[in-house]
Ligand SMILES: [Zn+2]
Ligand SMILES: [Zn+2]
């Protein structure tokens with residue numbers, strides 16, 4: 001067996017032997033239906049690499065425009081106010097909402113910047129035929145940054161804010177708005193490229209440079225572990241609890257350590273914070289007509305009664321339905337995995353995938369609050385500030401995302417595998433028993 005041969009299903013742990021696919025073809029796990037890998041580009045790896053470099057470079061350029069130009073400008077009877085993303089975060093920071101400001105900064109500026117910068121560095125290097133210094137660490141950073149970058153959520157948040165503002169003032173779109181739109185589209189294409197492919201390309205390069213194979217072939221009965229970072233399935237380095245991937249050096253575990261306990265801990269913290277997140281105001285409006293506190297739910301009601309029913313539904317789904325679903329589904333997954341239940345494993349895997357996918361979308365309301373707070377600063381007319389509910393709400397989103405990441409979906413399938421192995425052992429034992437009986441009769 002050899003290094004590229006095997007692939008392990010991320011969601012249920014089944015091992016497969018890879019075969020080449022046609023372009024745009026997908027290989028799915030027969031047990032849980034998750035996508036294992038996709039067919040290579042028709043024009044080959046180097047054309048694919050050129051595309052990635054070009055797109056990432058373009059996205060990085062658009063990213064800078066999006067950061068430094070204002071997104072929208074408001075005009076109320078000659079009074080104007082405009083906001084850049086960074087400016088909005090600064091406003092939050094000076095309002096003593098340090099944690100929320102930091103969260104918004106990380107999810108909308110720092111992580112997307114790390115993703116683009118690191119990907120560009122590694123892909124550009126490979127394009128020039130060099131495996132850049134720090135290759136493994138930088139490529140791992142791309143993957144982590146990708147999990148936490150939320151540009152597409154921010155884009156929807158910007159659009160909601162714009163629509164919301166049209167009822168208060170004249171809204172003039174600024175270059176930042178279009179730049180964010182373009183960035184969202186470009187990132188969607190960049191994200192469709194799996195960084196694991198870059199590890200394989202890096203391997204090819206080193207093999208050309210150093211004749212002699214880096215990863216020796218291994219015997220079929222040797223114990224292998226899949227690496228969740230680079231995708232290699234091979235016998236790991238090290239012994240006991242300290243195992244590492246031969247290729248990229250990531251620490252490996254048979255199952256994520258303490259997965260269920262950690263999931264529960266994060267989940268319970270999220271459930272407790274979910275209460276203040278809904279009861280405390282996320283926004284406080286001070287206007288000529290006095291002060292008004294808005295919780296998430298009252299914000300939804302306000303949209304509904306003011307005629308923006310579509311927006312009311314979007315915010316209701318993102319901020320109320322999604323967090324509740326996430327808490328419920330994660331509790332169900334942790335509970336059934338703890339009881340080693342064999343109940344509907346495939347459906348539970350689908351639920352897990354869903355929670356992983358929708359997790360980030362609950363940040364929507366936080367982004368809307370951030371931009372609104374920065375835009376509505378008309379001292380004589382109205383000033384909107386962020387309330388403590390925003391902090392609790394942001395914490396719920398981050399905690400549930402962490403809980404989903406701590407949960408190891410392969411735990412859903414372990415009891416199923418164990419039962420199958422037990423049945424097989426029992427039936428083979430029964431068969432040997434029969435044989436002896438037959439033998440005795442003949443004798
Ligand atoms: Zn699977
Ligand atoms: Zn690895």
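Including glycine, each Cβ sits where the backbone N, Cα and C put it.
From a predicted model like this one, the values you see are computed outputs, not experimental measurements.
Among the features that TrEMBL reports, transmembrane segment is placed at 52-72 (among others). If one looks beyond the transmembrane segment (52-72) by at least 6 residues along the same chain, the residues whose Cβ comes under 8 Å of a Cβ in the stretch are 82-87, 109, 112-113, 116-117, 119-120, 123-124, 127, 158, 161-162, 165, 171-177, 179-180, 182-183, 186-187, 189-190, 193, 371, 375.
Residues or ranges marked as transmembrane segment by TrEMBL: 99-124 (among others).
What TrEMBL lists as transmembrane segment is 175-193 (among others). Proximity of distant same-chain residues to the transmembrane segment (175-193), defined by a Cβ-Cβ separation under 8 Å and at least 6 residues beyond the stretch ends, is recorded for 48, 52, 55-56, 58-59, 62-63, 65-72, 84-85, 112, 115-116, 119, 146, 149, 151-152, 154-155, 158, 162.
The annotation transmembrane segment is assigned in TrEMBL to 264-291 (among others). Within its own chain, the transmembrane segment (264-291) is flanked in space by residues 297, 299, 323, 327, 330-331, 334, 365, 369, 372-373, 376, 381-390, 392-393, 395-396, 399-400, 402-403, 406, which lie at least six positions past its ends and keep a Cβ under 8 Å from the stretch.
The transmembrane segment annotation in TrEMBL covers 311-336 (among others).
Packing against the transmembrane segment (357-376) from elsewhere in the chain are residues 71-72, 74, 81-83, 87-89, 91-92, 95, 100-101, 103-104, 107-108, 150, 153-154, 156-158, 160-161, 164-165, 168, 282-283, 285, 296, 299, 314-315, 318-319, 322-323, 325-326, 382-386, 390, 393-394, 396-397, 400-401, 404: each is 6 or more residues past its ends and has a CB under 8 Å from a CB in it. According to TrEMBL, the transmembrane segment annotation covers 357-376 (among others).
For 382-404 (among others), the entry in TrEMBL reads transmembrane segment.
The region 'Disordered' annotation in TrEMBL covers 423-443.
TrEMBL lists 428-443 with the feature compositional bias 'Polar residues'.
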Could you give the residue numbers and ranges of same-chain residues that sit at least 6 residues beyond the transmembrane segment (311-336) on either side and whose C-beta is under 8 angstroms from one of its C-beta atoms?
156, 160, 163-164, 260, 263-264, 267, 270-271, 274, 277, 296-297, 299-301, 303-304, 343, 348, 351-352, 354-355, 358-359, 361-362, 364-365, 368, 393, 396-397, 400, 403-404, 407, 412
